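One structure below.
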Amino acid sequence: KGTIHLFRKSQRSLIGKLTHEFRLVAADRRSWKILLFGAINLICIGFLLMWCSSTNSIALTAYTYLTIFDLFSLITCLISYWVMMKKPSPVYSFGFERFEVLAVFASTVLAQLGALFILKESAERFLEQPEIHTGRLLVGTFVALFFNLFTMLSVRNKPFAYVSEAASTSWLQEHVADLSRSICGIIPGLSSIFLPRMNPFVLIDIAGALALCITYMLIEINNYFAVDTASAIAIALMTFGTMYPMSVYSGKVLLQTTPPHVIGQLDKLLREVSTLDGVLEVRNEHFWTLGFGTLAGSVHVRIRRDANEQMVLAHVTNRLYTLVSTLTVQIFKDDWIRPTLSSVPIANNILNLSEHHIIPMPPLKAADSLNPATSTPAKPSSPPPEFAFDTPGKNVSPVILLNTQTRPYGLGFNHGSTPYSNALNQGFGIPGMGATQGFRTGFTNIPSRYGTNTRGQPRP
């Protein structure tokens, strides 16, 4: 007898979880066609790999990798159906749409890795070119072409259809588009087929089959085996150039970047939101692509204190929901506080100078430690007053403003009382001017700014 554990959840293995999800997808009849095409694809890949080994053709091997890519695209289509069946969970609050983005990214990257492998094998074959047998080369080419086109045109693959239209064009599409414009100028009826741009998967299937047909003819006519390696390099470059823009686009979606084609529309909507009644500021906005065709975003909105939060939230959501399907808006009211002008209490009538002639200043630390000539603390080891931290403006006694009499400066006449004459006048004199106020520097015979020099000669 073992221990009974109440309320214990059964832990499924990874294979058990995958089996459960596969049964969930297989219950939908739409996925039966995809499963049928997947089974046929596996059989076709098996035959093509055997023919590649018997013909010793690396060009046919590169073309077979496109059939393997079709198998990845069918798996991506199954994942897309699975995503539509699943609902958001506490762990995946935004849903499972990013799984199909990850599937597209992985499929395109694997196709590019296969192309790089073909380039590496082709470089080795240029050093020692083997003999190519053309017995099943042409048969394998048409079998792969027929199955690839039939799969692409029969199964509606939503993720790859969106990526092929949203991603930038490849160099193969651009060259074919230039050629198509010339052809459509002669035969306008073909514009619906070739313009504005062809399907990249159909285009690479046709271009690869054409390269294999040229290889077959040259080997049969001249036994020119090196053309097989050249065709393999051409198919690998076309594969890499076709898959690279799709990898870049799906990678940007995984990195949660803002799509370039909606930046202008988002800026326009944010300007409209900032002009709504009660909205003071829109900040910390972030918008990203959640899945193919699904835009998510979050924004902070600062409103007035007297504004209605629910009303502003409804207006902001109504404006942004036309473009952003998954939106998070955080509303917070204005928390601006008037700053204080003074850190100490000030009397009500302190600014009325007609009644008070004394301006209050901070008290001195020690009145007896001040030097009457500098008004700064006299310390033996302190630096000069102009470089000291205790500046004269910080340690100064209350100033008494006398409104009864005025005294002109620069002359040697005494008008009224001079409270600081004993402390400041050190007996300094200027020739021709008599005794005047002392200077803070304490040097004698220093000419004043508008006086005379030390020799009694007028300054120019």
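In case you wondered, yes, glycine gets a Cβ from its N, Cα and C as well.
Look at TrEMBL and you will find 35-255 tagged as domain 'Cation efflux protein transmembrane'. For 368-390, the entry in TrEMBL reads region 'Disordered'. The feature transmembrane segment is assigned by TrEMBL to 32-51, 63-84, 96-117, 137-155, 201-219, 225-244.
Contacts between the transmembrane segment (32-51) and the transmembrane segment (137-155): present, as 3 or more C-beta pairs lie under 8 angstroms, all at sequence separation of six or more. Between the transmembrane segment (201-219) and the transmembrane segment (63-84), three or more CB pairs separated by 6 or more residues in sequence fall under 8 Å, so the two stretches touch. Residues 21, 24-25, 28, 30-31, 34-35, 37-38, 41-42, 44-45, 48-49, 52, 95-97, 99-100, 103-104, 106-107, 110-111, 114-115, 118, 140-141, 144, 147-148, 151-152, 155-160, 204-205, 208-209, 212, 235, 239, 291 of the same chain, all 6+ positions outside the transmembrane segment (63-84), place their C-beta atoms under 8 angstroms from a C-beta of that stretch.
Tertiary neighbourhood of the transmembrane segment (137-155): same-chain residues 33-34, 37, 40-41, 44, 47-48, 51-52, 55, 57, 60, 63-64, 66-67, 70, 73-74, 77, 199, 201-202, 205-206, 208-209, 212-213, 215-216, 219, selected by CB-CB distance under 8 Å and a gap of 6+ residues from either end.
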